[in-house]
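What Swiss-Prot records for this protein:
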{"type": "DISULFID", "residues": "C38-C478", "note": "disulfide bond"}
{"type": "DISULFID", "residues": "C55-C434", "note": "disulfide bond"}
{"type": "DISULFID", "residues": "C128-C194", "note": "disulfide bond"}
{"type": "DISULFID", "residues": "C287-C334", "note": "disulfide bond"}
{"type": "DISULFID", "residues": "C505-C543", "note": "disulfide bond"}
{"type": "CARBOHYD", "residues": "N152", "note": "N-linked glycosylation site"}
{"type": "CARBOHYD", "residues": "N244", "note": "N-linked glycosylation site"}
{"type": "CARBOHYD", "residues": "N324", "note": "N-linked glycosylation site"}
{"type": "CARBOHYD", "residues": "N338", "note": "N-linked glycosylation site"}
{"type": "CARBOHYD", "residues": "N352", "note": "N-linked glycosylation site"}
{"type": "CARBOHYD", "residues": "N358", "note": "N-linked glycosylation site"}
{"type": "CARBOHYD", "residues": "N387", "note": "N-linked glycosylation site"}
{"type": "CARBOHYD", "residues": "N390", "note": "N-linked glycosylation site"}
{"type": "CARBOHYD", "residues": "N482", "note": "N-linked glycosylation site"}
{"type": "CARBOHYD", "residues": "N517", "note": "N-linked glycosylation site"}
{"type": "CARBOHYD", "residues": "N567", "note": "N-linked glycosylation site"}
{"type": "REGION", "residues": "95-101", "note": "region 'Involved in fusion and/or binding to host membrane'"}
{"type": "REGION", "residues": "181-188", "note": "region 'Involved in fusion and/or binding to host membrane'"}
{"type": "REGION", "residues": "629-681", "note": "region 'Hydrophobic membrane proximal region'"}
{"type": "REGION", "residues": "650-670", "note": "region 'Hydrophobic membrane proximal region'"}
{"type": "REGION", "residues": "740-767", "note": "region 'Disordered'"}
{"type": "TOPO_DOM", "residues": "23-683", "note": "topological domain 'Virion surface'"}
{"type": "TOPO_DOM", "residues": "705-822", "note": "topological domain 'Intravirion'"}
{"type": "TRANSMEM", "residues": "684-704", "note": "transmembrane segment"}
Amino acid sequence: MKILFLSVFITFSLQLSLQTEADFVMTGHNQHLPFRICSIATGTDLVRFDREVSCASYGSNIKTTEGILIIYKTKIEAHTFSVRTFKKELTFQTTYRDVGTVYFLDRTVTTLPMPIEEVHMVNTEARCLSSISVKRSEEEEYVAYHKDEYVNKTLDLIPLNFKSDTVRRYITTKEPFLRNGPLWFYSTSTSINCIVTDCIAKTKYPFDFFALSTGETVEGSPFYNGINSKTFNEPTEKILFRNNYTMLKTFDDGSKGNFVTLTKMAFLEKGNTIFSWEVQNEESSICLLKHWMTIPHALRAENANSFHFIAQELTASFVTGKSNYTLSDSKYNCINSNYTSILDEIYQTQYNNSHDKNGSYEIFKTEGDLILIWQPLIQRKLTVLENFSNASRKRRKRELETNKDIVYVQLQYLYDTLKDYINTALGKLAEAWCLNQKRTITVLHELSKISPSGIISAVYGKPMSAKLIGDVLAVSKCIEVNQTSVQLHKSMRLTKDSSYDALRCYSRPLLTYSFANSSKETYLGQLGLDNEILLGNHRTEECEQSNTKIFLSGKFAHIFKDYTYVNSSLITEIEALDAFVDLNIDPLENADFTLLELYTKDELSKANVFDLETILREYNSYKSALHHIETKIATVTPTYIGGIDTFFKGLGALGLGLGAVLGVTAGALGDVVNGVFSFLKNPFGGALTILLTLGVIGLVIFLFLRHKRLAQTPIDILFPYTSKSTNSVLQATQSVQAQVKEPLDSSPPYLKTNKDTEPQGDDITHTNEYSQVEALKMLKAIKLLDESYKKAEIAEAKKSQRPSLLERIQYRGYQKLSTEEL
């Protein structure tokens, strides 16, 4: 029995599973409204609708006034003025003279302030003196002269080639003087250079110092005149003032240039420089405000505690206080005549026929230190126009001239009234929006009693579960199930004992589902609205005949006829009822905001007293001038020359004398060595040296071989004629003796006889022994024989020698005779 029951159960389960797979419909899920279970948990949040909302009514209290607006800004540019400096540059140069070269060893430069009397001479004559007094101490004072001439001359100023836009320098000595001392001696030369610089100085409020474009500074106000209270921190005994001072404007044309007369001139000695500048009146030469812009058509809006000045051209507003600003400081006096003339000009050209001045001009100051000059205006026909706009709206005939006069006023009035109307309309819209929200909250509160979950989900914008608990709502979050596990049943009829009940049907379709984080166990529920899963299957109704129902699930619409699934279609195929009222509002056009450049780049660059760019340009130009001068002085100096000079200078007077002696010696040796090396470096000298070296090597080899032969055969080497026959030697000797009238030396007695002069061949090779006297006589005879043979060879060479071209031309017409004819 057990086996039979088990087999029947398995068979029934398989049939049920096959039938189940066929009775299910797979549902698509919706990301916005997923399948979920919305049941109230134990711990929930309590919420309520707040209906006590108060809406404040809108009322505009802004008053606008039209007028003319002039804006002044603080002048940040530094005050610039001309400064002229004077100095004398004393240069001591030590040189060492070599053969063809003068070496520059050391250079001592001392800069001294130019004497004030000489400054006046420069300003009027464009020249300075060639001497300068140098104080080493209170008791010692030396006078140096240019080129060591010991004569006080005048030197003309010449412009320096290196210049910039802000600096112009004049000098008297382009190249330092160099003394060419004795050869291989050290010498020292003196040069004096007068340097006058025309440059630009800058000072900034409160004008307690000024800086030159060369980088130098003066700690004092340029407006200090000796008696006023301006700041001046330099020693007052170093400054001098001259009234009605006449001077050359520039030194380009020398003393023939243009002269200018200045009211007051200041001369300050600071360090090694004399500074001079014109003392001006600060009140008349300085203006701390600068005109920025003028707005002929501007509006002023009055708020509770401030004024807003609006300019349509600038797309900006300037905020000020309501109290007028008084320009009591003397630094503002410079703009009084300026803004009054601008106001009068604009009024006469643009508003004279249509507006009247509504009182005098007013002055305000913004938080950004801008000064606003405001001239309020009032339209002459504004009152008439207001009465006209409130009168009857019927058409009236008007003359053409009247229409032209009224059009401009109407447009201006329309602009002002439209602004008020728009602001009022926006305020009313805000008030109406507030009232509408209040009423909507009341409606939602009442609807929450019918469908609390739907209302709460609409408010929060996501699926929520809600339940009315008395006067408040209990809210909880829905639990999402496994979206792929949801299966919709195809039949909505109740089953009773494995057969359908014909009287009862489900009001909502059945479905099975499982949770995401649980086992594969499935649960039974019913499909609710918006993909909500209703727990249980107790929602039934009496079955109706010819019934058609459509249920939405995910993105599909499932169609049931007579409580049985027929097919599915997309939700988008069902036309939606458009119950949403669109609010069509065109956005405002883009406003092109004008960039307000309060200070230009040029003004910002001029705001600083120290101009780094100008200082660096001046430094580089002066450096270039010094480099040009140094290249004219000397070539590269060997390091050992400067070292020797420094060493012997340290030994005092004895060292200087010893250094002079050693300098001469070392210089001579150095020149010889340098000459040899220079000759070897030359291509011709190098090639000649190689050839001479090869010749010397060949000569050594030749002498070595000759010495070797001499050691082996001395007779053949010393007396080469011994290898010849006796008769040829005797004939050559006798012919030479016959031609010589006076013998060079007396012959031995045994050579004067015929018997002795004609030796036999056997006697030459005789081997008898001789005495020392006979041997000496034989050596002398050999000597005479050698000399005779050599003379015979010379005579033979002359005999065969042809006359040269010069001899043939000189002795033309003559015939050469042979020696036998003589």
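Glycine is no exception: its Cβ is also placed from the backbone N, Cα and C atoms.
Looking only at the topological domain 'Intravirion' (705-822), the predicted model's pLDDT averages out at 62. Listed in sequence order, the recorded positions from C128, C194, N244, N338, C434, C505 having a Cα within 10 Å of the Cα of N517 (N-linked glycosylation site) amount to none. Neighbour list (C334 (disulfide bond), Cβ cut-off 8 Å, at least 6 residues apart, same chain): I286, C287, L288, L289. Note: the Cα of C38 (disulfide bond) and the Cα of N352 (N-linked glycosylation site) are spaced 78 Å from each other. Per DSSP, the secondary structure of the region 'Involved in fusion and/or binding to host membrane' (181-188) breaks down as 0 helix, 3 strand, 5 coil. The two recorded residues N358 (N-linked glycosylation site) and N152 (N-linked glycosylation site) have their Cα atoms spaced 77 Å from each other.
In terms of C-alpha distance, the listed recorded positions N244, N352, C478, N482, N567 place C478 closest to C434 (disulfide bond). The least crowded of the disulfide-bonded residues C434, C543, judged by other CB atoms within 10 A of its own CB, is C434. Secondary structure by DSSP for the region 'Involved in fusion and/or binding to host membrane' (95-101): 0 helix, 5 strand, 2 coil. Close to N244 (N-linked glycosylation site) in the fold, though at least 6 residues off in sequence, lie T261, L262, T263, each with a CB less than 8 Å from its CB.
Looking only at other Cβ atoms within 10 Å, the busiest spot among the glycosylation sites N152, N358, N482, N517 turns out to be N482.
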